[in-house]
Amino acid sequence: MASDDEQLTLSSLGKVGKSSGEIGADHEPLINGIHSSENYSASAAILPFLFPALGGLLYGYDIGSTSCATISIESATLSGILWYDLSSVDIGLITSGSLYGALIGSVLAFNIADFLGRRRELITAAIMYLVGALVTAFAPIFVVMVIGRFIYGIGIGLAMHSAPMYIAETAPSQIRGLLISLKEFFIVLGMVAGYGIGSLLVETVAGWRYMYGASTLLSVIMGIGMWWLPASPRWLLLRAIQGKGNMQELRETAICCLCQLRGQSIGDSASEQVDEILTELSYVGEEKEATLGEIFHGKCLKALIIGGGLVLFQQITGQPSVLYYAASIFQSAGFSAASDATRVSILLGLLKLIMTGVAVVVVDRLGRRPLLLGGVSGMVISLFLLGSYYLFLDDVPAIAVVALLLYVGCYQLSFGPIGWLMISEIFPLRLRGRGLSIAVLVNFGANALVTFAFSPLKAWLGAGIVFYVFGVIAVLSLLFIFFIVPETKGLTLEEIEAKCL
């Protein structure tokens with residue numbers, strides 16, 4: 001419990017709003033953008049974005065490198081091991097091992113994130129990345145390799161939970177949207193790097209070891225960088241307002257952290273900006289922690305159906321399979337040499353990079369629903385084309401390549417960026433953190449399941465039938481979007497809660 005002096009300080013900053021996080025009319029200027037000017041140094045803003053964003057880049061790198069590593073590790077001549085003759089289930093464990101770890105990492109983050117803070121959670125993620133990469137790269141047997149993949153995945157789960165929060169909470173409001181979008185861009189950049197490095201090493205003996213080991217350097221840089229960066233001022237003030245420390249001491253620490261984040265340009269306004277954050281936190285009732293049970297009632301339940309449904313369909317329409325098995329699919333499509341398949345995968349990654357940029361530019365102009373409906377429609381066409389290629393048109397490998405590129409391009413215009421955007425918008429303020437945690441768990445869980453199941457299903461049913469199944473699921477996702485998902489373009493978060501829920 002906070003002391004009387006701390007409660008007095010808190011009450012002087014403002015009264016708590018309604019339990020749902022709503023703010024009275026007399027407090028509306030606070031949420032309509034009337035704040036003191038946020039002066040900042042552009043150079044000082046780079047590192048607080050860059051080091052957390054490396055967590056996303058390492059996640060993307062794992063996707064790209066695994067696509068190539070699965071080819072290398074199954075080669076009798078190039079794997080450099082005696083246990084290269086792996087079953088489809090074994091390959092599924094390698095590809096999905098990091099995703100199972102990410103699932104556990106997300107559960108851990110749900111319980112320890114507010115205690116550790118964003119900075120220490122990112123440092124922990126960097127350590128998991130480093131240990132996981134080393135264990136995987138030096139694995140003497142298959143079981144040890146899977147353990148390494150699992151440890152690396154815990155780093156993914158922690159990083160993908162804490163990096164967006166740290167960037168959002170430390171970035172100047174003028175460039176916050178740009179930096180959060182660039183964080184997603186870094187994930188795709190990591191995929192391209194993984195494809196590129198994989199293509200260079202796929203014909204090297206034991207090349208898969210080098211592919212996984214290459215991520216160690218960035219893990220070290222990320223860890224050192226986050227150790228040097230300050231804690232999130234907003235997290236410090238949240239602890240202060242919830243009575244988890246001395247109000248005055250935490251306020252002074254937050255001011256020092258904000259000065260380090262903004263550079264010399266902030267001048268004497270740091271104290272005023274910290275007081276504004278404290279006032280805002282008190283107005284929205286942040287001193288009362290939300291319970292898990294509240295997420296399954298009323299508006300929150302509807303938001304969970306919308307957000308959870310989007311991230312579920314994001315995965316079960318085949319996205320993990322296309323990314324993790326890209327090189328193998330190209331190889332089956334006629335690019336017989338391992339290096340040919342992985343180099344074509346680089347084109348797939350570059351297309352993903354370009355289309356991510358396009359989506360960021362047009363989403364606020366066109367709206368969420370048009371991009372979702374148009375992009376998923378393209379995914380339906382591409383999935384049925386892939387199924388038809390493997391069943392009827394296997395003498396025209398260009399069809400498989402075109403279909404995969406169409407799929408990736410349409411995915412990046414729709415489910416890729418819009419799914420994450422919608423779950424950040426749709427949950428009511430008070431339960432947004434816990435709602436997002438559940439949505440992330442659904443995302444990683446579905447991702448791991450589809451990734452693990454693809455190889456056994458492909459061996460059992462054949463690739464053509466599997467892609468047809470993904471196509472049917474994509475049609476169902478179109479119906480879900482058309483009838484369930486609202487348009488949130490141009491609405492404030494409060495208007496979304498009032499009009500869409």
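Each residue, glycine too, has its Cβ placed from N, Cα and C.
Note that TrEMBL annotation is computational and uncurated.
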Among 91-110, 311-330, where does TrEMBL put the label transmembrane segment?
91-110
So, does the transmembrane segment (370-392) come close enough to the transmembrane segment (460-485) to give 3+ Cβ pairs below 8 Å, pairs being at least 6 apart in sequence?
yes
Excluding the flanking five residues on each side, which residues at least 6 beyond the ends of the transmembrane segment (180-198) place their CB within less than 8 Å of a CB in that stretch?
49, 52-54, 56-69, 72, 163-164, 167-168, 171, 207, 211, 214, 323, 326-327, 342, 345-346, 348-350, 352-353, 356-357, 360, 412, 417, 420
In terms of Cβ proximity under 8 Å, which residues at least six beyond the ends of the transmembrane segment (210-229) contact it?
47-48, 50-52, 54-55, 57-58, 61-62, 65, 68-69, 72, 119, 122-123, 125-127, 129-130, 133-134, 136-138, 148, 155, 194, 197-198, 201, 204, 260-261
Run the contact check on the transmembrane segment (435-454) against the transmembrane segment (91-110): 3 or more C-beta pairs under 8 Å, excluding pairs closer than 6 in sequence.
yes
Are there residues at least 6 beyond the ends of the transmembrane segment (40-61) whose Cβ is under 8 Å from a Cβ of it, and what are they?
122, 125-126, 129, 155-156, 159-160, 162-163, 166-167, 170-172, 174-175, 179, 182-184, 186-194, 197, 214-215, 218-219, 221-222, 225-226, 229, 260-266
Taking every residue in the domain 'Major facilitator superfamily (MFS) profile' (48-489), what is their average pLDDT?
82
I need to check the long-range neighbours of the transmembrane segment (398-423): which residues 6 or more away from its ends have a CB within less than 8 Å of a CB in the stretch?
184, 188, 306-307, 310-311, 313-314, 317-319, 322, 326, 329-330, 332-334, 344, 347-348, 351-352, 355-356, 358-360, 363, 368, 371-379, 381-383, 385-386, 388-390, 435-436, 439, 485, 488
